[in-house]
Amino acid sequence: MAAAAAAAAGDSDSWDADTFSMEDPVRKVAGGGTAGGDRWEGEDEDEDVKDNWDDDDDENKEEAEVKPEVKISEKKKIAEKIKEKERQQKKRQEEIKKRLEEPEESKVLTPEEQLADKLRLKKLQEESDLELAKETFGVNNTVYGIDAMNPSSRDDFTEFGKLLKDKITQYEKSLYYASFLEALVRDVCISLEIDDLKKITNSLTVLCSEKQKQEKQSKAKKKKKGVVPGGGLKATMKDDLADYGGYDGGYVQDYEDFM
C-alpha cells in the first residue's frame, strides 16, 4: 500500500509539473518580439496598416495647408500692386488739381489761354480717373483698331494718325465733309497753345498755296489745248517762216492762194 501510494504521489507530481510547464499561447505570441504586447497573432499587422492610413491623412492635411498659403501670397501681391497704382494715380490727380487751383504766375496767360489750359488739365484728370477705375475693377478691353490704341510715343501717334485719316477720308465725297472737318479741327485745337496753333495755321497756309498753284497750272494746260485762231496748220507755217527773219519771198502768199 505504501508503495502504491508513493507511486501515485509521484505520478501526481509529474502531472502537476507537466501542467505548470505548459506554455500560454498568448504569452508565446507576445514573447515572439511583436510590438503589440498582449495581442493576438495577426492583430499587430492590422494596427500597422491603420498607422499607415493615419500617415497618409497627415500628409494630405499638410498639402492642403500649404496651398492656401500660396493663394494668399498671390492675392497679397496683387493687392499691393493695386495699392501702388492707386497711390500713383492719386499723386497724379493731386498734381493736376494743384495746377487747376494755382495757375502759373511766371507766364501771363490770356483768358482764352487760361480756359484752354484748364480744359486740357480737366481732360487729363478724367483720363486718370478712367484708368484708375479700369485697373481697380480689372476691366479688360477687347476692342481693336482705333479704339484699342492708347498712343504715348511719336511712333504711336503717327500710326494713330494714319488710322484716323483712313477712317475719316472714307467720307470725303460727302457734301458735309468740308464743314465737318472745319468743326472737327476747331474742336480738337481749342485746348492747344498759341504757338502750336500757329504751326498748324502755317501748315494749312502752305497747303492752300500748293493747291492754288496746282489749280493755275491745270487751267493753263486746258487753255493751250484750245483751238488756235486763224487755223492751226496755217498759223504753224507762218510761225516757222517768221523764224527765218520774216522774209517769205511770196511763198506764203502763193500758198494761201493755192489753198
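Any Cβ shown, glycine's included, is placed from N, Cα and C.
Fair warning: this is a prediction, and the values are worked out from it, not measured in the lab.
According to Swiss-Prot, the region 'Sufficient for interaction with EIF3B' annotation covers 1-70, on the basis of sequence analysis.
For S12 (among others), the entry in Swiss-Prot reads phosphoserine, with the evidence type a large-scale study or a structure entry.
The phosphoserine annotation in Swiss-Prot covers S14 (among others), and the record cites similarity to another entry as its basis.
Feature annotation from Swiss-Prot assigns phosphoserine to S21 (among others).
Annotation source Swiss-Prot lists compositional bias 'Acidic residues' at 41-62.
Under the heading compositional bias 'Basic and acidic residues', Swiss-Prot lists 63-107.
What Swiss-Prot records for 71-136 is coiled coil, and it gives sequence analysis as the kind of evidence.
Among the features that Swiss-Prot reports, SUMO2 cross-link is placed at K107, with the record citing similarity to another entry.
Taking Cβ-Cβ distances under 8 Å and a sequence separation of 6 or more, T110 (phosphothreonine) has no neighbours in its chain. The phosphothreonine feature in Swiss-Prot is assigned to T110.
Annotation source Swiss-Prot lists phosphoserine at S128 (among others). In sequence order, Q89, R92, Q93, I96 constitute the residues six or more apart from S128 (phosphoserine) in its chain with CB-CB distances below 8 Å.
What Swiss-Prot lists as phosphotyrosine is Y255.
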